[in-house]
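Colleague: Okay, here's the structure, questions in a sec.
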Amino acid sequence: METTTIDIQALKKELVLDLIQIGALKFGRFTLKSGIVSPFYVDLRIIGPKMLRQFSVLLYHVMTVKGLTNMEKRVICGVPYSALTFSSCMSMTYDLPMVICRKERKQYGTGNMVEGIYTKNETNCILIEDVITSGASIVETAEKLENEGLLVTDALVFLTREQLPLTNGMHILKKGEKVYNVHPCLTMTEVTQVLLDEGKMSQEQREDILQFIGTNTFSETKTTAVPQKKKELTFTERAELTNNEFSKKLFKLMEEKQTNLCVAADITSKDDLLKLADETGPEICMLKTHIDTLDDQPDEQFTQQLKELAKKHNFLIFEDRKLADIGQVVKQQYARGPFKIAQWSDLCNSHLVSGGSATVKALKESLKEENITEPRGLLLIAQMSTEGATTGESTKQEALKVALENPDFVSGFICQSKLRDDLDQFLYCTPGVRLDVKGDSLGQQYNSPEYVVCEKKCDVIIVGRGIYHDKERQNAAKLYRKLGWEAYQKRIQQ
């Protein structure tokens, strides 16, 4: 069977779709041997003769492309036991000499660990594997073969879960001074792309799978399945990941000022709001306002005073407007009307109920129409801190989708936990932070700074009544600043 006459990409596509059809590739929630819960599961033991022959074509194609067919004195060996059918099919189809490696030496018969014909210290052995996760079984088999005098440097694998680093299209496994090159035929990135293109998978499903892969990796030097913990980046490092000017500004401000505290000024007096801003300004990275709840009508003089306090104490202004109407209306609410939010507020937020993409487009247009050039950002409301909130999984997924489509303007999310571990370019801002109580009579639920920052991996703690109801507001702000920043320091050092 000549691979040169076969469309390899078409064959890959056919195999992916067939794997789904027969149930060899499943999506859902599966607990692996390591204890990790995976969004997909692969079982190639159920494939039939036709697919086995097609697998052999792909494996031999990679073997040829990588120059392994040019090796002198070579044999192949399937990693016991699931890959033995692969190596047997390749051996018969392409006339390749084959050996069999046992998992353990038998105490009867020949007692050989390796069965087959080879010359010690001369014969090269190419390993064949079905699926690779950590690479432990490949290294273990290679060591057994080497102990019997075979030379092992390379392995072919049908599918990689991509939980090992890929270098020039291959995995590099190390054990001591030994190095093994693993050449995959197919990656989960390719698999999910085929399923997306064929309408068998949504973009959100694909992103969840790729996120899982990115956050559940294994060290290339390990031979046991020990997941690598993702390095927690500093705010300074995360500022380099984004082209969003507001996000850059806030990340850098938090690091320089050493505060991730936002005070929620949910009060009804202009004078009291300005007083609170002046009292707590030295301790905060942002001041959150509700301009439409003030009893005395705010005017341009008031917003100018607020901007001057922000400049004096080096904090940013966040208007908690929760825009939710159709595009044309939110344009007016944001840039015009009695409040002219875009003129003085660095950051605003929005629900997704009227269509997140349309809302973002309208807000960006309003900035352009009003000729506002200062950095402006938007937080999408993905999760809320009130009991019974209807912001469920679909809201979260829509928020992620809109944010990824508009990274220049969407700075992050209002949320109760970090939405995706691999999206460090976004800000995760959490209301409902308080130390002394767990909730109120209207359904608000509170969490501690350490829980929000360390456990839930959020960035900005938003504190309202815990500060503005305190008789010593400045001291309360100092305390929350200290606790929030200590939690951040603890997180990045873990």
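The backbone N, Cα and C atoms fix where each Cβ goes, and this holds for glycine too.
According to Swiss-Prot, the protein carries these features:
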- Lys322: active site (ACT_SITE)
- Asp266, Lys288, Thr289, His290, Asp325, Ser385, Gln444, Gln445, Tyr446, Gly464, Arg465: UMP binding site (BINDING)
- Lys288, Lys322, Asp325, Ser385, Gln444, Gln445, Tyr446, Gly464, Arg465: orotidine 5'-phosphate binding site (BINDING)
Colleague: Give me the Cα-Cα distance between Thr289 (UMP binding site) and Lys322 (active site), rounded to a whole Å.
Modeller: 11
Colleague: Measure from the Cβ of Tyr446 (UMP binding site) and count the other Cβ atoms within 10 Å, all protein chains considered.
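Modeller: For Tyr446 (UMP binding site), the count of other Cβ atoms within 10 Å is 21.
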Colleague: Where does Arg465 (UMP binding site) sit by DSSP, helix, strand or coil?
Modeller: helix
Colleague: Filter the recorded positions Asp266, Lys322, Asp325, Tyr446, Arg465 down to those whose C-alpha lies within 10 angstroms of the C-alpha of Lys288 (orotidine 5'-phosphate binding site); answer none if the list is empty.
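Modeller: Candidates kept after distance check: Asp266.
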Colleague: Would you pick out, from the recorded positions Lys288, Lys322, Arg465, the residue whose Cβ has the largest number of other Cβ atoms within 10 Å?
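Modeller: Of Lys288, Lys322, Arg465, the one with the most crowded Cβ is Lys288.
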Colleague: Could you tally the C-beta atoms, other than its own, that fall within 10 angstroms of the C-beta of Asp266 (UMP binding site)?
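Modeller: 15, counting other Cβ atoms within 10 Å of Asp266 (UMP binding site).
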Colleague: Round to the nearest Å and give the CA-to-CA distance linking Tyr446 (UMP binding site) with the residue listed as 'active site'.
Modeller: 20
Colleague: If I take the alpha carbons of Lys322 (active site) and Asp266 (UMP binding site), what is the distance between them in whole Å?
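Modeller: Their Cα atoms are separated by 14 Å.
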Colleague: To see if you understand the setup: which same-chain residues, six or more apart in sequence, place their Cβ under 8 Å from that of Asp325 (UMP binding site)?
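Modeller: In sequence order, the residues whose Cβ lies under 8 Å from that of Asp325 (UMP binding site) (at least 6 apart) are Gln333, Ser354.
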